[in-house]
Amino acid sequence: MTGMRIVFMGTPEFACPTLRTLIERGEKVVAVVTQPDRPKGRGQQTLPPPVKVVAEQHGIPVLQPVKVRLPESIEEIRGLNPDLIVVIAFGQILPKALLDIPKYGCINVHASLLPRYRGAAPLNWCIINGENETGVTTMMMDVGLDTGDMLLKRSTPIGADEDTQSLHDRMSQLGAELLAETLDRLARGELVPEKQDDALTCYAPMMKKEDGLIDWSRDAQAIKNQVRGMTPWPGAYSFLDDKLLKVFRVQTASGSGAPGEILSCGRDGIEVACGTGSLVIAELQLEGKKRLPAGDFLAGYKLQPGGLLGKKDASVGV
């Protein structure tokens with residue numbers, strides 16, 4: 001326990017383990033700042049952010065500014081008199097006026113090994129790009145996009161078949177552990193902030209649904225990485241008989257054919273030709289249907305070798 005007045009800023013499930021860790025350590029979390037409640041899912045039911053739920057379970061006051069950069073939002077946070085602000089996956093850019101409020105600055109927990117993968121979606125992009133290692137970095141925030149001085153890093157391997165959901169769950173715990181270590185070592189005066197080398201950076205922009213469209217002319221391993229990095233959201237997809245087909249689990253194989261051509265169908269999956277090699281789709285979801293293992297899908301949908309997956313209304317694969 002540091003004894004500091006801490007304001008916690010975060011929104012999604014990824015931030016919850018870090019907030020719980022602060023609470024379990026007995027830290028004085030004087031308020032939680034999170035995004036407004038928003039409609040979610042098919043029913044568009046208005047739901048609170050996961051971080052808000054955790055805060056309310058522990059009786060911590062919650063602020064939900066629509067725009068944290070507005071003067072009234074900044075003054076409300078200033079009125080909390082924080083010694084430190086901890087930020088993890090908050091979802092809005094913090095202005096300098098807010099960063100300057102706490103006595104000991106603002107610490108961000110970022111889900112990559114900075115300076116690589118600055119930006120909103122580091123978990124997705126490190127998998128899409130075929131990385132075999134990633135990690136978490138704590139840093140002192142400045143006005144740039146994940147450009148602040150680094151405090152600590154902790155790395156973790158990425159499994160060959162691991163998707164974003166699995167990596168998310170592990171990294172959220174890793175981030176909580178690293179923040180606790182960061183606070184302890186800062187209190188002992190053991191940490192010296194390290195400048196980032198901008199020459200080594202790459203960016204991880206926010207994911208868009210259209211990023212999930214599979215180009216079957218690409219290499220099979222590259223498409224597998226895309227599927228892994230897009231699962232569970234926004235989802236990798238193609239089209240079958242002009243219907244959207246989401247693809248969730250695949251394995252590489254050595255088949256050949258026209259890109260997007262269905263090579264075989266069986267209990268183990270649906271093999272589809274790529275630009276180089278092939279992919280066996282093990283789990284999928286056709287538009288308007290449930291997510292199913294390939295064998296169960298084929299029991300209700302008559303798919304034949306020689307068919308094509310590709311863009312909607314296309315007569316050939318992408």
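Just so you know, glycine gets a Cβ as well, placed from its N, Cα and C.
The shown structure was predicted, so the numbers you read here are calculated from the model rather than taken from an experiment.
Summarising the annotation, Swiss-Prot assigns (6S)-5,6,7,8-tetrahydrofolate binding site to Ser112, Leu113, Leu114, Pro115 and lists sequence analysis as the type of evidence.
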Report summary line: The most crowded of the binding-site residues Leu113, Leu114, judged by neighbouring Cβ atoms within 10 Å of its own Cβ, is Leu114
Report summary line: Note on (6S)-5,6,7,8-tetrahydrofolate: the CB centroid of Ser112, Leu113, Leu114, Pro115 has further same-chain residues inside 8 Å, namely His110, Arg116, Tyr117, Arg118, Pro122, Gly135, Thr137, Asp146, Met150, Lys153, Gln196, Thr201
Report task. Among all chains shown, work out which of the binding-site residues Ser112, Pro115 has the most CB atoms within 10 A of its CB. Result -> Ser112
